[in-house]
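Colleague: Sending over a structure as structure tokens; questions will come in a sec.
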Amino acid sequence: MIKMIESYLKAGKIVSKVRREAAGIIRDGLPIIELVNYVEDRIIEEGGRPAFPCNVSVNEVTAHYTSPPGDDSVIGDGDLVKLDLGAHVDGFIADTAITVPVGDVDDKCHQMMDAAREALENAISTIRAGVEVGEIGRVIEETIHSHGMNPVSNLTGHSMERWILHSGLSIPNINERNTHQLEEGDVLAIEPFATDGVGLVTDMPQTYIFRFLRERPLRLVHARRVLGKIREEYHALPFAQRWLEEYFDAKRLNASMRMLIQSRAIYPYHVLREKSGAMVAQWEHTVIVEEDGCTVITE
């Protein structure tokens, strides 16, 4: 138990430090691939491992964007950049996110940033053993509405366990009838999203983040090797195809990834965008539930 808590606290300390550093380098003209490489490299330098590929979701893009191989995307003036990063220490995960405005953004963007940040603060203040999950969603929704914004209703926070980023319990961002009670020792990622749009996300066709699902009979020897490396390196945690390029030839890797997706050996995460094309802000912390409150490990 002591080792587990120490690992969570170390992972939280790492992502907090890297989040602050990365927020400071986000600027007009910065290639996204430079940002994600910086974040992931710094996590390793600080003694952790990336728990998932660094997400850099800009404007209406809401989640699951990381640089694919050869990404030429660049951050621009007026962009609203959501930076979502995670680290693990021996499989124990800390997950955090921040929204950074680049240059001149309008007042609505600042309002939605304030809404998401305050919703996170208010949600954390309600968390303790015995609190119903639905109560957290109510607090988040009411806070975001008080700023004249809408929560993103079909994205949620989540519980985490060792090597498992989403371990089964969803933490809603809206008021819903969920009477599940939090328990002491639960590890939760609380992540409100605020927007002036309709508050729904939809899939985009792109998939740049993946996760191991199961062993499958595979015709291609190379695909079997790729799947073995995925299982060995990342367990059940999300990974990016660009992470595998140091091990495999790019052309054969592309063919293997297609086969692994088709055989359902790995799960592809679609990039998500706000349905009405509106800007979105996000804030996130990881907490450990206690009898009379919680410890925020990513402050």
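Note that Cβ sites are derived from N, Cα and C of the backbone, with glycine treated the same way.
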Colleague: Looking at the divalent metal cation 2 binding annotation from Swiss-Prot, with Asp95, Glu191, Glu284 already listed, which candidate in His64, His158, His222, His235 is the matching residue?
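Modeller: Among the candidates, Swiss-Prot records only His158 at this divalent metal cation 2 site.
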Colleague: Given that Swiss-Prot lists Asp95, Glu284 as binding divalent metal cation 1, which residue among Asp84, Asp104, Asp106 does it place in the same site?
Modeller: Asp84
Colleague: Would you count the other C-beta atoms found within 10 angstroms of the C-beta of His158 (divalent metal cation 2 binding site) for me?
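Modeller: Within a 10 Å radius of the Cβ of His158 (divalent metal cation 2 binding site) lie 19 other Cβ atoms.
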Colleague: Measuring CA to CA, name the entry from the binding-site residues His64, His158, His166, Glu191 that ends up nearest Glu284 (divalent metal cation 1 binding site).
Modeller: Glu191
Colleague: Do you see any of the binding-site residues His64, His158, His166 whose C-alpha is within 10 Å of Asp84 (divalent metal cation 1 binding site), and which ones?
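Modeller: For Asp84 (divalent metal cation 1 binding site), the binding-site residues whose Cα atoms are within 10 Å come to His64.
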Colleague: For each of His64, His166, count the other CB atoms within 10 A of its CB; which of these binding-site residues has the top count?
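Modeller: The most densely surrounded of these binding-site residues is His64.
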Colleague: What Cα-Cα separation, expressed in whole Å, is found between His158 (divalent metal cation 2 binding site) and Asp95 (divalent metal cation 1 binding site)?
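Modeller: Between the Cα atoms of His158 (divalent metal cation 2 binding site) and Asp95 (divalent metal cation 1 binding site), the distance comes to 10 Å.
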